[in-house]
């Protein structure tokens, strides 16, 4: 390919700062100067200076150009052809900035900078005779109409790229042009014809004026918040363009109230006058470098008759047997499964504001023969949850987007405000799952996710076997857990459980909160504002654990304590009621670490029939893998480190031996 630049390319760009991508864009080949990468916190872009031999213009290359730069196709002193662009104003900058949306490499480095004084034979630049008159743009009106040069005009060429015949610019009001050409079109159609539509992948922080055409593929609920500046409301939507690229748009307060009812799921809109900012990955799960903030002055116009435009919601399904690797992580997942059962709606009191919200659990299975429980909340529980309950006997298929993975009962899923549920969707994965279920899935033996796996309870991406520490490492760091709880895995022996401590409390059957004993009226729950004749006991105790490096006191609650002691709190309470107070008295007086409690080879001084004490003794000197949260708490003006057991797993010697062999091979043991 002959190496040539387009003469006066920069002048052409400046005279047409926002060309219509559907129209004819003139040949624009420029030389790349000062190519360098500009990195931000979440992304990197290449900036450069465009040179046509006469003028220069600073610009930015598209996000997908990195492979071309790394391969050497685009480099300093090389030539590129600009296929789509926009010339934008940059705040506080005296000159405009060229945002290139699409380009292609013409030539690698030609080793010299193109200038108007250079010899054409040396640089092989296409020359164009100087235009006799420059286009005259009048100030009245905002529309421009291009007219071909009068018949008889001659084309001149000097061996470079041929230019279109000289054109005249005729000033004409934009309203008149729209009226002449699109008198029968609706507002959205007229808007599309008078403004340039940008693709989502081309959006960047250097653009001030842009318009996008997108479908609402996910819509979150209206949420309220409270901070130092006061109270407010917020909601967000996920938008998808015709290329399948997604971006999140967020609206606060007045904008949220204005657009919440206007932006409807599945509809297509033209959106403009928004603000771009770097995406906050803590609250944004979409893989886009930016997010859109819309205020009350943003423009949102529905595009009519666009049912076939833009693909529907895209899913990234995770098989059920792979869900364990996402437990308590930041990543949200999509699933598709067959509904096995649907529970009735429960009323749960939320801790943060004491508000009662509805909850419903559904159990689903997929072709990995694993089941998982999905918790639905608020409108999802009462709306589509009720619909699923009505058709549960038909084993419908559900595709659910954006679920949080937790560790309740091993692995569990929970819907959030922007979760989306499709029932019997017409997608490939759902059709394959239906074929599997009808042919073999109905009678297949299934099990809950993580069943029988010692590392089923995870924190982040690491199991108890692959990420472990010592007690001394925790207690030697007084600042561990100061800002937020830190999770650690330890292998320990249970050394001591105080039998005279308050080991349990009466709990509400609904919220598990502590209840008050009302004489003659059962028990009263302040959270649920209701009474019950009977309430179960739940564990809340402390125990001393030890490993080769030291010892520590840890707090243990109901499920974890049941795994260690081997019975429920109600059962242990019954055993305690049978204990002879006289028999316990010598032990309670000797309540110290010098007690023969720690010397299993010596016979205890209490009676063998004291089953309560014996039950606690049986739970000691047993080895467990514990996952604990470490946090700094203040009590009576003193800051102390507190460890809470979050998960318990019995030691499996086969897996432990394998772990030790791996550590030995690494030289760590």
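Note: Cβ is positioned from N, Cα and C throughout, glycine not excepted.
If you look up TrEMBL, you'll see 121-139 (among others) marked as compositional bias 'Basic and acidic residues'.
Per TrEMBL, compositional bias 'Basic and acidic residues' is recorded for 148-157 (among others).
What TrEMBL records for 5-107 is domain 'Replication factor-A protein 1 N-terminal'. Each residue of the domain 'Replication factor-A protein 1 N-terminal' (5-107) gets a DSSP state, and the totals for helix, strand and coil are 16 helix, 47 strand, 40 coil.
Feature annotation from TrEMBL assigns domain 'OB' to 212-297.
Per TrEMBL, domain 'Replication protein A OB' is recorded for 328-424.
What TrEMBL records for 487-594 is domain 'Replication factor A C-terminal'. Under DSSP, residues within the domain 'Replication factor A C-terminal' (487-594) fall into helix, strand and coil as 26 helix, 44 strand, 38 coil.
The region 'Disordered' annotation in TrEMBL covers 114-164.
Here the domain 'OB' (212-297) has, by DSSP, the following mix of helix, strand and coil residues: 7 helix, 45 strand, 34 coil.
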